[in-house]
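According to Swiss-Prot, the features are:
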| type | residues | note |
| --- | --- | --- |
| BINDING | G11, P12, A13, A14, A15, G16, K17, S18, T19 | ATP binding site |
Amino acid sequence: MTKKICIAIDGPAAAGKSTVAKIVAKKLRFVYIDTGAMYRAVTYIALKNNIAYEDEKAIATLLQKTVIRFEPGEVQQVFVGEENVTEVIRSLEVTNHVSIVAAHPSIREALQERQQVFATEGGIVMDGRDIGTAVLPNAELKIFLLASVEERAERRYKENMAKGFAGDLGQLKKEIEERDHLDYTRTHSPLKKADDAIEVDTTSMSIDEVANKILSLAELKINN
């Protein structure tokens, strides 16, 4: 029987976390938990209810009454209550404001509690900004993905084009730099590499190369 370890994958925006995490989870037959989608879902409910992104108290109150859940599929489906928000949470409006919402301490605490519940049985791959440091500090395997700003902007540009979103590469680079600043400097659970995390620079690596590296590391932990 496969040992049910927890794998934490952290890193900045567009470093390839979600794509790699999905591949690793599928290969290991683990459950994938997209914590970024949870923060995007909260940002979306603020947008939908005309709540200012800076209004932490109002968003936290709304979140208490909101169920965020995942359903498996070829593309994992994200629901807010009964509404399928899988596509809308990837909109430019949500993308450009999620770091503001994610910086609110009460929002992070509420979502971290939910994320920890998901992980109680093990056998999960969870990606985000503070998984190895705050959400799953005892995860058996912690990965910290990096890539240059230029490479990440190029990846996000291609993603947007594939989804039919018009985009400006220079503007995307600027937005990623701004998100990095917010993520690294926020007071509550900033983005940082856990002391026991393994750093992987993905700038010159393909998605499969990154996934295979993590799978090799995971197999060592599973078989240890």
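Numbers run from 1 along the shown chain.
Placed from the backbone N, Cα and C atoms, the Cβ positions cover glycine too.
Within 8 Å of the centroid defined by the CB atoms of G11, P12, A13, A14, A15, G16, K17, S18, T19, the record's ATP site, lie the Cβ atoms of V20, D127, L145, A147, R152, excluding the listed residues themselves.
DSSP assigns G11 (ATP binding site) to coil, not to a helix or a strand. Sequence-distant contacts of A13 (ATP binding site), defined by Cβ-Cβ distance under 8 angstroms and a gap of at least six in the same chain, are R152, R156, I176, R179, D180, D183.
Taking Cβ-Cβ distances under 8 Å and a sequence gap of 6 or more within the same chain, the neighbours of G11 (ATP binding site) are K17, D127, R129, I143, F144, L145, L146, A147, L191.
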